[in-house]
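One structure is given here, and the rest of the page talks about it.
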């Protein structure tokens, strides 16, 4: 494409060509006012990506301000590539979650793969070595051929990238619901480790310092990816396949090692990933954060395609690229390091003091824009908010307990629901043991990695039950944070902080904006009560397909610290004779449950309630008991209720069973009341455990007969099943659905 084909400034305005880039009439008028002139094609392209929701958070900034972002351990909150939390001994953990939803709907393999690559770069751009990847995935019903295709390709893309780069994929979640039929969610989280003195920022400081481009060459892939991520999916979205990037994990591995070596060199001033909006966002953001400007000569940009225009180079989202700022005169030191890895490192510009992004191409100035206008001064919209009509109706609807004729069959049926069923088919494709630090592999409440050279370990998880958020976004937001914390606690860790991925529909619809506001209120309250500040994250809006929105899905990524590896706990029962306890009472709460979805085919009613103070006291008591060595296993009660949680606890390599007595009718086994745990304890610790965890109720014991037996207080048998049979249906459900041609 040659420059001659680009429309003139006048054409852009008169024909409203800017609208095709997602810029509104009001925004164009504001741009004209800021510049005091009409923007050219490259400039309006740059504004369009920087002012997209994906880059500017223009619709969500008022919401994000609600989150608590500071704490005594927080070293870096929102605003950089990733958040950082102190874990003692001069070490810190770096983590962030990001979405790649729209690209994954079109090109599921590359969309998912580049989502993993992008979040890994965010973490190592802070100076940290990535140690783990997690993912949170949502798809439509697994009976649909298209959903099967998306599911298989997304998992293959995550595995293909993560396995090749040598970072273990240690956890995550997959849920299936019809609301994600046309718009799957692919959220990737990366966790890294760093020493305090190695922390780097994405800032272009020091007038005259050199701006260097490192990594892969620039192509035409991913142009307008950020804009594409800021609009609804529709039947015409297939035409935007070129907005999907293509990843090369082997290049990323080299880039990772080279960047970590460069970080040890004091010639490095600033470093940032070329993520969404590529060269545009990295240059404008680095300059704006430092109060400086950047001038670049685009003729010097390494290109893998011929005849690329300034517009294409600045908006490309080609992968595996970083922008560095280096002390002037020390460029060769950096070039030599990248040479070792057979990577390009090219000086393409310098830092200025005029707060402008100035670009030259073929001897002409093709862009001259104020960096603050691009990075910080995008318009912020306070969208109208309106409670949906269904909300009041749900709030006043108490869902009666379903009549269950055969609890045995109901348990088996629930264990085969794809959201509950074993995800072994997924994580068997991931290398979760590479680098040999993984202590708790996928399949328990949280992934756990040891920190070499110390007694410490890190627990990590992602969580969100979007059905609860659909019923009541504020309550659902609280539950999402609380469940993530429960998973961390069950692993023997103290929750440290949160990274959140806010996946919602179109914020221009008042009912959707209401969901976002209320969910943020719930998340904020839970983070305050549980002392887990939000240190960064991502907003993904416009998750709609042909006008239908996904369920509100604010995914919570959480990391916890295990002070001593002796405290590491998993969900599985350990030996016959151990006592089984449930912590927390079970109420008849079936709205939004897996049981309701399976038996009625729809979700309605009043969401399960949560008392955050009670939640906190139970979590603290359980963690105290774990640290004192009283607890053999711990598992949080979530989808499918107590029946499913106990069944999952008996599925071990040993042929264990459990004999349990509970109060109430069979349906209560599948209620999804909150703030509950299933715990096993050695008999000799019974008194000490009960004194520590006052809410714990002794309900039975672990047996050696391989049978799960559950009866009510009258001795009436509700469940009597071989644990190996339960495990067979649980593990076989997803492979069986994928093989069927339905």
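All residue numbers here begin at 1 and follow the chain in the order shown.
Positions of Cβ are set from backbone N, Cα and C atoms, glycine also.
DSSP assigns residue 54 (active site) to a helix. Under the heading active site, Swiss-Prot lists 54.
The feature ATP binding site is assigned by Swiss-Prot to 57, 96, 537. Cβ neighbours of residue 57 (ATP binding site) (same chain, under 8 Å, six or more residues apart in sequence): 64, 539.
The Cβ of residue 538 (Mg(2+) 1 binding site) lies under 8 Å from the Cβ of 96, 97, 98, 99, 187, 500, 501, 502, each of which sits 6+ residues away along the same chain. Taken from Swiss-Prot, the feature Mg(2+) 1 binding site covers 98, 538.
The substrate binding site annotation in Swiss-Prot covers 99, 100, 101, 102, 121, 225, 245, 317, 318, 319, 540 and rests on sequence analysis. Around residue 318 (substrate binding site), the same-chain residues six or more apart in sequence whose CB sits under 8 Å from its CB are 216, 217, 218, 219, 221, 222, 245, 246, 274, 278, 304, listed in sequence order. For the recorded site, residue 318 (substrate binding site), the DSSP three-state label reads coil.
Taken from Swiss-Prot, the feature active site, proton acceptor covers 100, and the record attributes it to sequence analysis. Proximity of residue 100 (active site, proton acceptor) to non-local residues of its own chain (separation of 6 or more, Cβ distance below 8 Å) is seen for 111, 112, 114, 115, 118, 186, 187, 188, given in sequence order. In the three-state DSSP scheme, residue 100 (active site, proton acceptor) falls into the coil class.
Residues or ranges marked as Mg(2+) 2 binding site by Swiss-Prot: 122, 273. Reduced to three states, the DSSP call for residue 122 (Mg(2+) 2 binding site) is helix.
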Taking only C-alpha atoms and a 10 A limit, tell me which of 101, 537, 540 are near residue 273 (Mg(2+) 2 binding site). These are the binding-site residues. none
When the Cα of residue 122 (Mg(2+) 2 binding site) is compared with the Cα of each of the recorded positions 54, 101, 537, 540, which one is closest? 537
Residues flanking the ATP site, with Cβ no more than 8 Å from the Cβ centroid of 57, 96, 537 and excluding those residues themselves: 64, 78, 97, 98, 499, 500, 501, 536, 538, 539
Using a Cβ cut-off under 8 Å and a sequence separation of 6 or more, which residues in the same chain sit near residue 537 (ATP binding site)? 78, 96, 97, 498, 499, 500, 501, 502, 557
Secondary structure of residue 245 (substrate binding site) (DSSP, helix/strand/coil): coil
Tell me, by DSSP, whether residue 540 (substrate binding site) is helix, strand or coil? strand
Which three-state DSSP class does residue 273 (Mg(2+) 2 binding site) fall into? strand
